[in-house]
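Worksheet: one structure, shown below.
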Amino acid sequence: MANISLILLIIFPLLLKLSSAQSLSANFYSSSCPNVLSIIKTAVNSAVSSEARMGASLLRLHFHDCFVNGCDASVLLDDTSNFTGEKTAGPNSGSIRGFDVIDTIKTQVESSCAGIVSCADILAVAARDSVVKLGGPSWTVLLGRRDSTTASLSAANSNLPGPTSSLSALISSFSNKGLTAREMVALSGSHTIGQARCTTFRTRLYNEANINASFATTVKANCPQSGGDNNLSPLDITSPTSFDNAYYKNLQIQKGLLHSDQVLFNGGSTDSIVNTYSSNSATFSTDFANAMVKMGNLSPLTGTNGQIRKNCRKTN
């Protein structure tokens, strides 16, 4: 009898852990909020049609959410007099955007089915729909995440890779989240869309040797050595609003905008992966979609953990 009790003590926590990991499902809202996917898709399509860059911004919101204590919508919480969110963290401050679009979606979803759909799930679906709208691959988003009641400025500052990251720093940052070097290179392909601020690549532009000369000259026109910190340049100069594999082709000819882009193809361990994605867009699309599903499964709050926020910017 004692042995059975001991076995149960060992197995039960494992089963609990397993059940929470498996409780995300594609049809989580099929009866409780059947229109949620079409509501999100329509709103994302509208926002991205108005401004293509918004697709990249919504994709980045999901990434910056998931890498900080899991995909729990902590990134959306505003600072208050007695609460510090993640919006002022170094990787987020002055650059993270798309909150208004998420607010609009949340309002529409609440009108259709109040108190049912989490902000964390909205972020995950909006990221997928953004990629699809800009011509990229689709994937099935697993649903059932709940929203955090907390946020972590310190975790946002330490867990999110930055534009000056070395290859080893990128590999370990993703490895810490259970993502492989190949998955890191695939997810970096997000930089086939979107724009970056001059302040994030100025040092590379003026000081690094592994940069295409004519590309550097073109970008310098909009990013002076001093001033113009917030001037924008496309991360993928070839097709900045198309989700394709041009990002990798650019890396092969030293046209990576950020230091953290070009390190993926600079004589190191990931060169071969860049070559694969450059020459085979279907492989990139498949790997990207699979890596997005895996990233979207990072430490979700499920069951009775967390809450379903009424307003994505504040806890209930």
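Indices start at 1 and increase along the chain as displayed.
Even glycines carry a Cβ here, placed using N, Cα and C.
Taking a C-beta cut-off of under 8 angstroms and a sequence separation of 6 or more, H64 (active site, proton acceptor) has the following same-chain neighbours: V75, E86, P91, N92, I96, A156, L160. Under the heading active site, proton acceptor, TrEMBL lists H64.
Per TrEMBL, Ca(2+) 1 binding site is recorded for D65, V68, G70, D72, S74, E86.
If you look up TrEMBL, you'll see P161 marked as substrate binding site. Taking all protein chains in view, 19 other C-beta atoms sit within 10 angstroms of the C-beta of P161 (substrate binding site).
Sequence-distant neighbours of H191 (heme b binding site) (same chain, six or more apart, CB under 8 Å from its CB) are L235, D236, Y247, L257, L258, D261, listed in sequence order. Under the heading heme b binding site, TrEMBL lists H191.
Taken from TrEMBL, the feature Ca(2+) 2 binding site applies to T192, D236, D244. For D236 (Ca(2+) 2 binding site), the count of additional Cβ atoms within 10 Å of its Cβ stands at 29 [all protein chains shown].
Sequence annotations record features per position, and here TrEMBL assigns disulfide bond to C33-C113 (among others).
Around C66 (disulfide bond), the same-chain residues six or more apart in sequence whose CB sits under 8 Å from its CB are K177, M295, G296, L298, listed in sequence order. What TrEMBL records for C66-C71 (among others) is disulfide bond.
Remark: C312 (disulfide bond) has A73, L76, F99, I102, D103, K106, C119, I122, D147 as non-local neighbours, by Cβ distance under 8 Å and separation of at least 6 in sequence. What TrEMBL lists as disulfide bond is C119-C312 (among others).
What TrEMBL records for C198-C223 (among others) is disulfide bond. All chains included, 23 other C-beta atoms sit within 10 angstroms of the C-beta of C223 (disulfide bond).
Positions annotated as domain 'Plant heme peroxidase family profile' by TrEMBL: 23-316.
Summarising the annotation, TrEMBL assigns signal peptide to 1-21.
Counting every protein chain shown, the Cβ of R60 (site 'Transition state stabilizer') has 23 other Cβ atoms within 10 Å. Per TrEMBL, the feature site 'Transition state stabilizer' maps to R60.
Per-residue pLDDT, averaged over the domain 'Plant heme peroxidase family profile' (23-316), rounds to 98. The Cβ of G70 (Ca(2+) 1 binding site) has 20 other Cβ atoms within 10 Å, all protein chains considered. When the recorded positions C33, P161, C198, D244 are compared by Cα distance to D65 (Ca(2+) 1 binding site), the shortest distance belongs to P161. When the recorded positions P161, C198, C223, D244 are compared by Cα distance to G70 (Ca(2+) 1 binding site), the shortest distance belongs to P161.
Long-range neighbours of C198 (disulfide bond) (same chain, six or more residues apart, CB within less than 8 Å of its CB): N222, C223, P224, G228, D229, N230, N231, L232, S233. For the Ca(2+) 1 site, the Cβ centre of D65, V68, G70, D72, S74, E86 serves as reference, and the other residues of the chain with Cβ at most 8 Å from it are H64, C66, F67, N69, C71, A73, V75, S148, A151, S152, A155, A156. The distance from the Cα of T192 (Ca(2+) 2 binding site) to the Cα of S74 (Ca(2+) 1 binding site) comes to 26 Å.
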